[in-house]
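A.B. asks: Quick paste from TrEMBL:
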TRANSMEM  21-45  transmembrane segment
TRANSMEM  65-85  transmembrane segment
TRANSMEM  106-128  transmembrane segment
TRANSMEM  134-155  transmembrane segment
TRANSMEM  162-181  transmembrane segment
TRANSMEM  193-215  transmembrane segment
TRANSMEM  276-295  transmembrane segment
TRANSMEM  334-356  transmembrane segment
TRANSMEM  368-391  transmembrane segment
TRANSMEM  398-418  transmembrane segment
TRANSMEM  424-442  transmembrane segment
Amino acid sequence: MAGIGFELKRMYAKDGLVNKIKAFTYSSLVTIGPMLTCMLLVVAVQWLQLRYDVSFNDRELFQASIVYAFIFSYIISNVLTLYLTRSVSDFIYQNKYEAILPSFYGSLKIGLLLGAVPALLFLGLSPLSLSYKASLLLLFMTLIVIWFEVVYLSAMKNYRRIGLSFLGGALLSIGLSWVLLKYSDYKDAGTVLLAVDAGFMLTASALLVQIERFFRLPARQSDYTFLAYLTRYPSLILIGALTALGLYSHQFVQWLGDAGVIVADAFLMSPSYDLAVYYAFMSAIPSLIMFVVSLETNLYPKYRHYYDLVLHGGSLGDINRARGQMFQVLTQQISLLMGVQLFFSIISIALGIRFLPLVGFSASQIELYNILVIGFFAYIIYTVITLVLLYFDDRKGVLWLAVLFLASNTGFAVLSVLYDSQGFSFFAAAFISLLVAFGRLMHVLNHINYYTFSAQPVIHREKTNRFSKLLHAAPKQMSRLD
């Protein structure tokens, strides 16, 4: 995320409300663009389906399709994106810019292959029509592409075009849905899904053009050069996979419980629970934005100053002063983040009690929603702390935290199904993980000098694999046809 940090710091250095709004807008687009777009699309398209009398079964089928495409595309892509982010950062640090664009295509090939196998198995066994299967597969694959593109957006500065890419795709989906539902006789889930496909394909294509323009160089490395770091950062792949599974494991357990239903003889879901989770997650969006805008742009200069002193022979007194300044900024920003998220959580609960009954929420669903909002408060702060720990390269600690959250969320979810107490599983798992994450952060901060000076090997031995030679190979010159 260093790229976005540099750009936001530049924008925040400028005075004026407009520049502050630009900073928030930019961070919103590159951190939660696909997630927010998908959420707003679902709300708008569901309203259109109600407006033009689409049948209940078709509305339920569309909702199930979106939920499956979104959740499983995120899980598949998250296996690689954290590792990929670190690899790209290393390419930038080592001035290996010719390896950046190839790493996008190489990782995308792997991600699409990982996604295609289970998707084709699932669709092959489902009784859906062939045309609907094709539309759903296209949406799933397009979302995987967008998740990978987001990794590279953080290094780009053309936030206006990035914004137009997401906005244009959303407007195209909504506009096509409106036209097809109003002026055609095809008022079913397949029609709306095609419109959504068109919008996300426009977004993915526009972002691909921007990535190509920004990163393309006359010379390039192999598409799989980024795998040279596989033996150095294998834990990041595990962290990415466990984190994604942990986020959704409570929903999977609910699908298998008494509240689970089968939609169109293909999708196992828990509609009342899934809808409450969907709206509760929206309460956490402010912190996702604020982390990038505030914490990274304020923490990174102090972090960089501390390690510059370490690497370039600063005195022990200067190093300790820099460490103290870094701790102070980190404490202030996390405290501010918690306060802001608590404020939005309270507002979300109040608005939910008032307005969710208007969209069909029952009293029990509103109670569930309120519990989940507080759970997401803890989860988002926990996520921020794990990202800070990764700042300090505490991959081992973050891996164990990911294991803890997945295990506790799944275990508590099973208990909640057995004792018919929805919502408390995620709430309990998030707060327990948050407390442990705080403890780990305090431990790392109190021993940062040890981790920096003493925990490194006396003799550094580079870990290599079959792809390591690609990292040191001469870049291939691009022809016009390439």
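Sequential numbering from 1, following the chain as shown.
Glycine too: its Cβ is placed from the backbone N, Cα and C atoms.
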A.B. asks: Can you tell me which parts of the same chain pack against the transmembrane segment (65-85), counting only residues 6+ beyond its ends and a CB-CB cutoff under 8 A?
C.D. replies: 1, 38, 42, 103, 107, 110-111, 114-115, 118-119, 136, 139-140, 143-144, 147-148, 150-151, 154, 189, 193, 196, 226, 229-230, 233, 236-237, 239-241, 243-245, 248, 251, 267, 269, 274
A.B. asks: Looking at 162-181, 193-215, 368-391, which one has the highest count of Cβ pairs under 8 angstroms to the transmembrane segment (334-356)?
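C.D. replies: Counting Cβ pairs under 8 Å, the winner is 368-391.
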A.B. asks: If I count Cβ-Cβ pairs under 8 A between the transmembrane segment (134-155) and each of 162-181, 193-215, 398-418, 424-442, which range comes out on top?
C.D. replies: 193-215
A.B. asks: Is it true that the transmembrane segment (162-181) and the transmembrane segment (193-215) have 3 or more Cβ pairs under 8 Å, skipping pairs fewer than 6 apart in sequence?
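C.D. replies: Yes, since the transmembrane segment (162-181) and the transmembrane segment (193-215) share at least 3 Cβ pairs closer than 8 Å, they count as touching.
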A.B. asks: Residues of the same chain, at least six outside the transmembrane segment (193-215), with any C-beta under 8 angstroms of its C-beta?
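C.D. replies: Sequence-distant neighbours of the transmembrane segment (193-215): 34, 37, 41, 45, 62, 65-66, 97, 100-101, 104, 132, 135-136, 138-139, 142-143, 145-146, 149, 152-153, 155-156, 158, 161-162, 164-166, 168-174, 176-177, 180.
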